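Participant: One structure follows; several queries about it will come next.
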Amino acid sequence: SGESGAGKTESTKLLLQHIMNLCKGNSQLEQQILQVNPLLEAFGNAQTVMNDNSSRFGKYIQLHFQKNIVRGAKLSEYLLEKSRVVQQDTGERNFHIFYYMFAGLSLEEKQMYGLLDPSLYRYISGRFGTQDVAQRWKHKYQEVCNALDMVGFQEQEQVDMQAILAGVLSLGNVTFEPEESRGSVKVSETSRGWLKAAAVKMDVLSQLVCCVPCSPWSPSVSCCCFLCADARDSIAKVAYGRVFGWIVCKINELLAENVDPEVELREIGILDIFGFENFAVNRFEQLCINLANEQLQHFFNRHIFQLEQAAYKEEELPWETITFNNNEPILNLLLAKPLGLLSLLDEQSAFPQATDKTFVDKLNSSFKGNLHFQPGRGRVLGFSIIHYAGKVQYTAGGFLEKNRDTLPANVRGLFINSVTPLLSVLFIPHESRPTLARVKCGDKALLWLAGLLIFLCPRQHSLTVLMEKMYSANPHFVRCIKPNSQKEPGVVDSQVVLLQLRYNGLLETIRIRRDGFSWRPSFEEFAER
C-alpha cells in the first residue's frame, strides 16, 4: 500500500520475480505469471498528474503451491476506472493500450482497424506525445504482443480485441443533432463516418444511441442530444470494461493449476491496489479509491496495534499501551447503514428525480457536526472528507450516474432482442452458450458488437469479498513511501516522506516493533530447541 506513485506496482513485479526465482518449478508457467503484470498495466494503467503509470484498478494475485513449487495462479480485479475511457482531466491520459496501438500498429493494420491520425479522437483528447515518447510506446506495444503470446492468447483473439478498442475510439467521435422535421435527435451528418467505423451496421448502432428517451421533466431536444451522448459513452465504457474482464478471465483459464483436485495447495496472495489520491478535482472514482485505502489502513491498524496489544494483555506482559490514529469513525461515516455516505448515495440513486444536488443536501443534513465531514464551499457542488491521509474535496457532479453504472434499459433491450443470431446467443446462460468459433459470421460489425457484449466473468468481485480474503490470511505489509511529489528520480523531499510516515502510522509501528516481541516460537519449538 501507499500513495499513488509510491512504487506499489513495481514492488509487486519485483516480489513476483523473487518468488518465481525461489520456486525453480515449471519454467513456462513461471514466465507466464511474470507476464501478467505488464499485460494488465497496458490495459489497466494510465498517466495521472501524480503518476505516469498509475494503476486504475486493484488486483489480487493468488499463487498456488504444492511442495514449494508453483502449480497455478489466479487473478482478481477490482473497480476498474471505466470513466477514464471517455474523459480525462488536464495532464492525464486514457489507458496506455490506446497510445501503444497507435505507435505500434503498422499502416496496413491501422487501415484494417479503421484507425486514422490519433489527434482526431475525442476519447484521447488529441494528446499523443513527442517522437521519443511514441518510440517508447512502440516498444511497449511489442511487449504487450509478446506478453499476450506468452500467456497464451490466440492470434484471432488478439485481432478481435484490438478491433473492439478501435471501435470504442471511433464511437467517441459520434455526435448528435436535432432532426427538425420530427422534433427528435439523429446522428450528425459529419459523424456518420465515425459511426460506420465503429460498427458498420449504422442503422443498428444509430438506433442504440438515438432511442434514449428524454427526461419527462426536461423534454427538450438539447436534453435528448445530451442523453444520447451519455448513452454513447455508456456503451464505450461497458465495452472497454468487458474487454478488460475478458482478459482477466482468459488469464485465469491459462494459469489455472493442472493438479489432482484432492491435492491440498498452499497459497501466497499479493494485493496491489490503487494508492490514496488527492487531485485538484476529485470525483466519484477518487472516493472509491480512497475508501479502499481507508479499509486497508484499518486492516493494518487492527493487525499491528489492536491484535498485537491484545495478545500482550492476555499474557499479562508488562506493557505501556501505544495509541494510534484509529480511522474507524471515517469508515462509519462512509459505510454505516442506513445513514452512511454510500447508503445515502444508493438511496438517492434509486429515485429517478434525485440529482447530485439533492444528494449533497442529504449529506449536509445527515453529517452536520461530524468531525470528518465538511460541506462544500463556493459555487462548485461538493463536500470534503477528512481522511486518515488528509482532507480531500470531492466534486459531486456525476456521483449518481456513476453509482448507477447502468446502460439505458432500451439500449440493453436492443441488444437482447436483436434479430442477429450471434447477439442473442451471447445472452444465453454461460453453460449453454456456443463458443464464438462455432458461430459463422463474416460481418465485422457483428464481431465488434459480439466483443462488446461478451463477458465471461458474470460475478464481479467487490471490496467486501477482498477484505474477507484479507482477514482470513496471515498478512505481511509492504508500505511504499513516495520520495517526492514531482515524479523525479533520486530526489527525497523529507517533508513529503515525514507526512506519509505520520499518517500511515509507521512511527508508532516502529515503536511497537522495537518495544514488542518480534520472535514468537511455540512452546513445542522452544522446548525442542
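A Cβ is built for glycine as well, from the same backbone N, Cα and C atoms used for every other residue.
What TrEMBL shows for this protein is this:
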DOMAIN    1-529  domain 'Myosin motor'
BINDING   Gly2, Glu3, Ser4, Gly5, Ala6, Gly7, Lys8, Thr9  ATP binding site
REGION    463-485  region 'Actin-binding'
Participant: Counting only residues 6 or more past its boundaries, what in the same chain has a CB within less than 8 Å of a CB in the region 'Actin-binding' (463-485)?
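Facilitator: Long-range Cβ neighbours of the region 'Actin-binding' (463-485): 1-3, 5-8, 11, 15, 50, 58, 60, 76, 78-79, 269, 271, 275, 291-292, 295, 299-300, 303-304, 491-493, 496-497, 500-501, 504, 506.
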Participant: Given the recorded ATP site (Gly2, Glu3, Ser4, Gly5, Ala6, Gly7, Lys8, Thr9), which additional residues of the same chain have their Cβ within 8 Å of the Cβ centre, ordered by sequence?
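Facilitator: Leaving out the recorded residues gives Asn51, Gly275, Cys480, Lys482.
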Participant: Do you know the DSSP helix, strand and coil residue counts for the region 'Actin-binding' (463-485)?
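Facilitator: Summed over the region 'Actin-binding' (463-485), the classes give 9 helix, 0 strand, 14 coil.
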Participant: Could you check the binding-site residues Ser4, Thr9 and say which one's CB has the fewest neighbouring CB atoms inside 10 Å?
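Facilitator: With the binding-site residues Ser4, Thr9, fewest surrounding Cβ atoms within 10 Å: Ser4.
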Participant: Under 8 Å Cβ to Cβ from Gly5 (ATP binding site), same chain, six or more residues apart: give me those in sequence order, or none if nothing qualifies.
Facilitator: Met50, Asn51, Ser54, Gly275, Lys482, Lys487
Participant: For each of the binding-site residues (Gly2, Lys8), count the other CB atoms lying within 10 A of its CB, then report the residue with the highest count.
Facilitator: Lys8
Participant: Including all protein chains shown, what's the count of other C-beta atoms within 10 A of the C-beta of Ala6 (ATP binding site)?
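Facilitator: By my count, 20.
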Participant: Write out the long-range same-chain contacts of Glu3 (ATP binding site), meaning residues 6 or more apart in sequence whose Cβ is under 8 Å from its Cβ.
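Facilitator: The list for Glu3 (ATP binding site) reads Met50, Gly275, Phe276, Glu277, Ala389, Cys480, Lys482, Gln500, given in order along the sequence.
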Participant: Report the same-chain neighbours of Gly7 (ATP binding site): residues 6+ apart in sequence with Cβ closer than 8 Å to its Cβ, ordered by sequence.
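Facilitator: Same-chain residues close to Gly7 (ATP binding site) (Cβ under 8 Å, separated by 6 or more) are Cys480, Lys482.
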